[in-house]
C-alpha cells in the first residue's frame, strides 16, 4: 500500500515539474520588453546569447538598421548573401529573429546550405527563382517563385535558390533565431569552373518536372554527387 502511495506521489511530482518547464522550439522568449545587445567586441561577460545594454543608454537607433539597403559582394556562384543577426543589429537581441538579403545575378545560384538553428522564410522582391530543399528522407521539394511569393525552408535542411532569368533577382529572408548559423557545401577547385557550375544548375533544373521527387540517385547523404 505504501509503495502504491509513493508511486502515485512520485508521478504527481514528476507531472507538476515537467508541466512547468517551457520547451523552446526556437529561441526562448525574452523576459523583458527589449534587450538591445552590447556589441560583441565590447562584451564583458559570456552567456548563451548577448549581453544587454544598460537600459539608460537604449535609444530608437538600437531598433533600426540599414544593413540590408544594399547588396553585398558577389561570390563565384553569382550571388551575394547578407545575414544580419543580433550581433550586427543589437535590437534583435532576445527577440528570436534575424534578417537577410540575397541578390543573384542572371542565372546566379545560392548553393546548397542550411541554418542549424533556424527556419528560413524568403520573400521575393525581384526576379523569378527556383527554390528547393532536401529533407532527411532524401526527398526533394522545389517550386518556381516570383515577385510577391514566399517560400519556407525548414530548420537545418539543405536548401538552395537559383535565378532562372537573365535579370538580377532579390529576396529578403527572416529567420526564427537571433543567431541562425550558416553551413554550406564546400566545392573543390575543380567544381568552381564555369562548366562545372553550369552542370550543377542543369541538374537542379532537370528535377523541376515534379514539385517533389526522391533524389537518392541524385544526391548522396553528404550531397557530394551534385558536383560529379
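The backbone N, Cα and C atoms fix where each Cβ goes, and this holds for glycine too.
No curator has checked TrEMBL annotations; they are predicted automatically.
These features come from TrEMBL:
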BINDING   113, 115, 120, 159  Mn(2+) binding site
BINDING   115, 120  oxalate binding site
DISULFID  35-52  disulfide bond
DOMAIN    66-201  domain 'Cupin type-1'
SIGNAL    1-26  signal peptide
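Per-class residue totals from DSSP over the domain 'Cupin type-1' (66-201), listed helix then strand then coil: 15 helix, 57 strand, 64 coil. If you count neighbouring Cβ atoms within 10 Å for each of the binding-site residues 113, 115, 159, the highest count belongs to 115. Taking the centroid of the Cβ atoms of 113, 115, 120, 159 as the Mn(2+) site, the other same-chain residues with Cβ within 8 Å of it are 114, 118, 133, 153, 157, 158, 180, 182. When the recorded positions 35, 52, 120 are compared by the number of other CB atoms within 10 angstroms of each CB, 52 has the fewest. Rounded to a whole value, the Cα-Cα separation of residue 113 (Mn(2+) binding site) and residue 52 (disulfide bond) is 31 Å. For the pair formed by residue 159 (Mn(2+) binding site) and residue 35 (disulfide bond), distance between Cα atoms is given as 32 Å, rounded to the nearest Å.
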